[in-house]
């Protein structure tokens, strides 16, 4: 537990009308962590990711990345500083090939995407890096197929590939295996557990087997607030968690 | 799409390079544009108009076809370029090439200023903003008749010979050569743009604007850049018209022109540059032929053609042809 804190949220609050979707959420992610974010539907898990990554502005509270306050920083700038997310619903570029899409993400990271006078093929390093990421995720064979024609499971992997191309230090995965059959989701989480050790990962997942297998620490979110943050064993045996999540809602 | 050969290490760079390589078909296409000189010498004026309209359509394709910015007011930049080139000549400087560049720079500058507003709106609001700007510019030119000649049009344009040697002749040899050369140069520039990492970023915006910030992209900057480039090219097309016809009428700025160019682009096929050229050719040749038959109602046929193309070939005529070709070679 001596790893330095990379990402910290302090008393984040957000309400939509009368509905409180984030109530004083204070989290901290140490370097290299593998945290899971769980909670029943509507608990505000995706909202929390939207707040942290800048798609939504909190009503109050602060977010800091490596000690710097990023509460008012635009979403794209947060990504360039190393705070990247993936989406629960595929948010890809349907008409681009994976090779093009990931190369684009690499070029954006290198700040060379605005160069209109150089052919794309001249960005050799970016292309090689992009192909290496795709190969690492098992997408090398389909790198030049149009994204919309890829099987769903491979599109989920491409979600992660695009995020990796930004060289994240903190990676927020919003249900990376959403909609993927159970046997395939194991492949996805193998990829996630093979990520470089210095990346801090927070993932949302409903499948409790996967959560207990991959998470070193679990945050339980209920009705916008943190009910409990603890190691898997404590969460597994906590009566409140059993009541609101494992028992009642019937997700497991 | 070529498949990856098994076992051999895949050459990603080579694959991307092949995507932007010149095909023999393209060379044939450009050679075919020289045919009017030999076979249709009486149609060179029309050919010149087609080249100008094609250039204008390319400028719209850059924003609409590649970046997904729908516009119904792009005649604004065409007209600004036309008036700029015309006025430069009226006030005593008739050298065509410098006039062309000055007019393009002026239209590009206005495009840059306007782009701050354009990138902040989307969908219907975007269409309305572009439409509104087009109408504003039209009425501004109309009311400033001391400068623009108002409804009488801008007269007194004298375009000097190109390189002080090639005079603009009645038959349109010089006009078509000049317009075609300008079209080709601007096409080369546009082709490089769409095949660059910047062009890829524009396609990214078009394909999924929500993902762009999530890969760290300041996509509004990209959009402003392409909007400025597009405005400059549209202005250059307008300047060509002013210089080759020696007159600028208010209709250079009209809503009709803004709408026509979108129709041309959709007929030919968006997002492939050549669609702009093919669409402009079909539109203007159809107008030339049909208005001979029935001068009042020729838009009826354009309307019919547009509906048939959109229903049968949603990606335009070139899009439909390339789909057919790939199905053929896919066997």
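Glycine is no exception: its Cβ is also placed from the backbone N, Cα and C atoms.
Going by TrEMBL, these are the annotated features:
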- B:27-44: transmembrane segment (TRANSMEM)
- B:50-69: transmembrane segment (TRANSMEM)
- B:100-119: transmembrane segment (TRANSMEM)
- B:124-141: transmembrane segment (TRANSMEM)
- B:170-189: transmembrane segment (TRANSMEM)
- B:226-249: transmembrane segment (TRANSMEM)
- B:261-286: transmembrane segment (TRANSMEM)
- B:298-325: transmembrane segment (TRANSMEM)
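Nonlocal intrachain contacts for the transmembrane segment (B:50-69), taken as residues 6+ away from its ends with a CB within less than 8 angstroms of a stretch CB, comprise 33, 77-78, 118, 126, 176, 179-180, 182-183, 186-187, 190, 193-194, 199, 202-203, 205-206, 209, 222-223, 226-227, 229-231, 233-234, 236-238, 240-241, 244, 261-262, 264-265, 268, 270-273, 275-277, 279-281, 283-285. Against the transmembrane segment (B:170-189), stretch B:27-44 shows more Cβ pairs under 8 Å than any other of B:27-44, B:226-249, B:261-286.
For the transmembrane segment (B:261-286), the list of distant contacts is 26, 29, 46, 49-50, 53-54, 56-58, 60-61, 64-66, 71-72, 74-75, 78, 183, 187, 190-191, 194, 203, 206, 298, 301-302, 305-306, 309-310, 313, 315-320, 322: same-chain residues at least six beyond its ends, Cβ to Cβ under 8 Å. When Cβ-Cβ distances under 8 Å to the transmembrane segment (B:100-119) are tallied for each of B:27-44, B:226-249, B:298-325, the top count falls to B:226-249.
Remote same-chain partners of the transmembrane segment (B:298-325), defined as residues 6 or more beyond its termini with a Cβ less than 8 Å from a stretch Cβ, comprise 263, 265-270, 272, 274-275, 278-279, 282-283, 286-287, 290-291.
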